[in-house]
Amino acid sequence: MAMRSHYCGLVTDTLLGQTVTLCGWVNRRRDHGGVIFVDIRDREGYVQVVCDPDRADMFKVAEGLRNEFCIQVKGLVRARPEGTVNEGLKSGKIEVLCHELTVLNPSVTPPFQLDDDNLSETTRLTHRVLDLRRPYMQNNLMLRYRVAMEVRKFLDANGFVDIETPMLGKSTPEGARDYLVPSRVHEGHFFALPQSPQLFKQLLMVAGFDRYYQITKCFRDEDLRADRQPEFTQIDIETSFLSEQDIRDLFQEMITTVFKTTLNVDLGEFPVMAYSEAMHRYGSDKPDLRVKLEFTELTDVMTDVDFKVFSGAATMKGGRVVGLRIPGGAREVGGLSRGEIDAYAEFVKIYGAKGLAYIKVNELAKGPGDKALRWPGLQSPIVKNIHDKAIAEVLARTGAQDGDLIFFGADKAKIVNDAIGALRIKIGHSEFGKKNALFEKSWRPMWVVDFPMFEFDEEAQRYTAVHHPFTAPKEGHEDWMVTAPEKCISQGYDMVLNGWEMGGGSVRIHRADVQQKVFDALKISPEEAQDKFGFLLDALQYGAPPHGGLAFGLDRIITLMTGAESIRDVIAFPKTQRAQCLLTQAPSPVDEKQLRELHIRLRTPEPIKAA
């Protein structure tokens, strides 16, 4: 016989007059004039239990209850007295009059109150089991479950087959460092945990499983950020005989359906933007369209100005000069203060910028002025070093109005894109940005397409793949892979939502000769290609179908949906930013015997510093 009849949080006024049996944890116990009230909690929420002293044995047990005791309650559902209804709870119109009370397991005093919102992350992760009892975490993980179920339902309805691929595979160069697993049987050889199932899912297409998916763990040994984990969950999908447009349409429908069924959110239109346009307008390949600020291209304007910071960047190979107009940023009342501007100047240095030039637009009507006083309606130390034609062009291109502030970025294009792109987001999300309608609180999805096939690595002096080396070039671009790799555009695509890359993919190369051209462009020799990817090259020769796919980061999707500050808030047992599990103390030393069996001898290990 089941130990309970209902979940605590699902007991409502539809059960009035019925006897229920509940199991859960004591959230709070209150003694009011001889009557004890106990809030009992489970994954679905709370219900109030009333313990009356008329039942002496039961009441004695209730007197001994403390927070986090695991208990069983049997009692009668009745309406709460007038004036005590709690509209914020599903169970807020009723209470349970306790008839029987059993302590299933007492609890020691918890190291913190579960309703404490100011806990450090170290405390939360060290005591993760208790942290997971908090409604915030329970709601996050329940949403994660529902999203995964909706994804499975959609894919199943569209003919996709869930197929597992190996966790122990071959180490291949895919960008990040592999997590290696030593082989006991094959001395000196290692498996690698998968960074993605990329090659196996392509092999499944060759094998004839034309619609594949799995929700799987992937592993990357890389430096961690707020949106990264060494192990993460991927919704991995591949399909044959669909065009790039077909693939994007199908999985746009999937994400739209998931948001509607789980959050009742209509995502609306997904604008499609080329990579080059995204970088030109926002300095990012995952722009946050909620922020109503855009770059203004000024490189061509600044080639002959006396201000060397601008002219140097404008004339250097790979340099860029942009403006970022902040409407209302120079107003005397409600504009950005000198302290805020100085803080932004320090902020962009994080991204390699040397400083942050600006012009305050006070009164355009005063015009360019004269030699004695140039541009009297503008306020900036750089105006004197920029000729009138350039200043007029800056004002025209940016659409500047009285009270506006124009920030400038001038350096190598990557530094400008990173620094001014980050500044755009920071200002947009600031209180100033929200008060001045520079930020729109909404869901803004989009597709970014037409990525370059390759980018040049200055340090290694060779081209690297922007997505991965199995991405197909656009039709007509194959020959450029050899003659002009920098011109070659791929059939890659990313789905972006509110500045986060939710998922990305591409049409794949399905011909061995084209795949070899990519390896040639990447300076991967035929011998290395055969050693690393011979199994794929061989498979492509057996009538491989046209195919493509994508992968969504489940952790990121849930982070976006919940508004969590960290991806660690949507994973049951995450790692810290130092790739440690504070709950289990992993990684940890292992027994010398285990190392000998694996043919491993350690250098003297350094102790792990505390997180």
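Using the three backbone atoms N, Cα and C, a Cβ is placed for every residue, glycine included.
Under the three-state DSSP scheme, Arg508 (L-aspartate binding site) falls in the strand class. Annotated L-aspartate binding site per Swiss-Prot: Glu174, Arg220, His467, Arg508, in sequence order, evidence recorded as sequence analysis.
Annotated ATP binding site per Swiss-Prot: Arg220, Asp221, Glu222, Gln229, Glu501, Gly553, Leu554, Asp555, Arg556, in sequence order, evidence recorded as sequence analysis. Taken residue by residue with DSSP, Arg556 (ATP binding site) is part of a helix.
Long-range neighbours of the region 'Aspartate' (198-201) within the same chain, counting only residues 6 or more positions beyond its ends whose Cβ lies under 8 Å from a Cβ of the stretch, are 165-166, 169, 172, 174, 212, 236, 238, 468, 470, 533, 535-536, 549. Taken from Swiss-Prot, the feature region 'Aspartate' covers 198-201, and the record attributes it to sequence analysis.
The annotation site 'Important for tRNA non-discrimination' is assigned in Swiss-Prot to His32 (among others) on the grounds of sequence analysis. For His32 (site 'Important for tRNA non-discrimination'), applying a Cβ distance below 8 Å and a minimum sequence separation of six or more within one chain yields no residues.
Here Swiss-Prot flags Gly83 (among others) as site 'Important for tRNA non-discrimination', drawing on sequence analysis. The Cβ of Gly83 (site 'Important for tRNA non-discrimination') lies under 8 Å from no Cβ of any same-chain residue at least six residues away in sequence.
The Cβ neighbour count for Glu501 (ATP binding site), using a 10 Å radius and every protein chain shown, is 16.
Helix, strand and coil residue tallies for the region 'Aspartate' (198-201), in that order: 4 helix, 0 strand, 0 coil [DSSP]. For the binding-site residues Arg220, His467, Arg508, Arg556, the largest tally of other C-beta atoms within 10 A is found at Arg508. Cα distances from Leu554 (ATP binding site) to the binding-site residues Arg220, His467, Arg508 are smallest for Arg220. Around Glu222 (ATP binding site), the same-chain residues six or more apart in sequence whose CB sits under 8 Å from its CB are Ala176, Arg177, Arg228, Pro230, listed in sequence order. Of all the binding-site residues listed here (Arg220, His467, Arg508), His467 has the Cα closest to the Cα of Glu501 (ATP binding site). For Leu554 (ATP binding site), other Cβ atoms within 10 Å of its Cβ number 22.
Cα separation, Arg556 (ATP binding site) to Arg508 (L-aspartate binding site), rounded: 24 Å.
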